[in-house]
Amino acid sequence: MSSPIPVVVAGALGRMGAEVINAVVNAEDCQLVGAIDNTPGKEGTDVGLELGIKELEVAVTADFEGCLCAVSQSVRNSDQNAVLVDFTHPSVVFDHTRAAIAYGVHPVIGTTGLSPIQLNDLTEFSAKASIGGAVIPNFSVGMVLLQQAAAAAARFYDHAELTELHHNRKADAPSGTCIKTAELMEEVKQSFNPAEVDEHESLQGSRGGVRDSGLNLHSLRLPGLVAHQEVMFGAPGETYTLRHDTIDRSAYMPGVLLTIRKVGSLQQLVYGLERLI
């Protein structure tokens, strides 16, 4: 049996970080070796005890690069591929991803908010370093299926709008998942929603954000929600609606573990779970 995959989790004490740590601890082929979080007063505490799992003998640290450096050195003379799973904040995810690649640690990025320019920069940087990684807007297999169905339907409908709904602590809008869905639809058709009336918004933004293709994207933020997305197509006499609901974050864990297991064999960054399944 091969050695377990060393895994560092950034955003370890957050809701997604906690789910990831629980999944990693219970996966026989993974080993939690680092827990990064900047929550005040938690430095040096055992992450397992903080999350109510069990004592894991992995201390919480706020030193991101120090943790990556230590993990990188620990696997330098082995055939192991260390992995960083990042669920932090859009403001730091670019720097985190670039640092992981620089240290030879394979990034698995669940934090959304990277711009196309940043994503392109990271892809080129990872290719030069021959360090594989993955930026995954949504780890749900069900969402991948919705996106594929939306791309297929786009061939037949000229009118479509996308709505994503998340908890009110999500920092970015629209979600990376919603943007990715729109991008897949735009690969099939370059222009949507031909104008049939001269629209006027009495409240700016009422029609959502409009992409260059004409697709309208709407974002809702409310307590009680987890992650939900709807794509509605319209044509004379009918509508066609696709919807996916995540009701518990455990739905993401099969996709997270799949990505952890596959990034070590990649030679550059990939975007989207569909690239791995």
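Cβ coordinates come from backbone N, Cα and C, glycine included.
Here Swiss-Prot flags HIS166 as active site, proton donor/acceptor. Positions annotated as active site, proton donor by Swiss-Prot: LYS170. Sequence annotations record features per position, and here Swiss-Prot assigns NAD(+) binding site to GLY11, ALA12, LEU13, GLY14, ARG15, MET16, GLY110, THR111, THR112 based on sequence analysis. Among the features that Swiss-Prot reports, (S)-2,3,4,5-tetrahydrodipicolinate binding site is placed at HIS167, GLY176, THR177, with the record citing sequence analysis.
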| field | Site diameter for NAD(+), Å, by largest Cα distance between GLY11, ALA12, LEU13, GLY14, ARG15, MET16, GLY110, THR111, THR112 | value | 18
| remark: Whole-number Å distance separating the Cα atoms of THR177 ((S)-2,3,4,5-tetrahydrodipicolinate binding site) and LEU13 (NAD(+) binding site) is 23
| note | Listed in sequence order, the residues of the same chain lying six or more positions from GLY110 (NAD(+) binding site) whose CB sits under 8 Å from its CB are MET16, VAL85, ASP86, PHE87, ILE136, PHE139, TYR252, VAL256
| So which of the binding-site residues is most packed in, judged by how many other Cβ atoms lie within 10 Å of its Cβ, out of GLY11, GLY176? | GLY11
| remark: Here the recorded positions are ARG15, HIS166, HIS167, LYS170; the one whose Cβ sees the most other Cβ atoms within 10 Å is HIS166
| note | Across every protein chain in view, the count of C-beta atoms other than its own within 10 A of the C-beta of LEU13 (NAD(+) binding site) is 19
| task | Out of GLY11, LEU13, ARG15, THR112, point to the one nearest HIS167 ((S)-2,3,4,5-tetrahydrodipicolinate binding site) in space (Cα versus Cα); all of them are binding-site residues in the record. | result | ARG15
| remark: Note: among binding-site residues THR112, THR177, least Cβ-dense neighbourhood at 10 Å is THR112
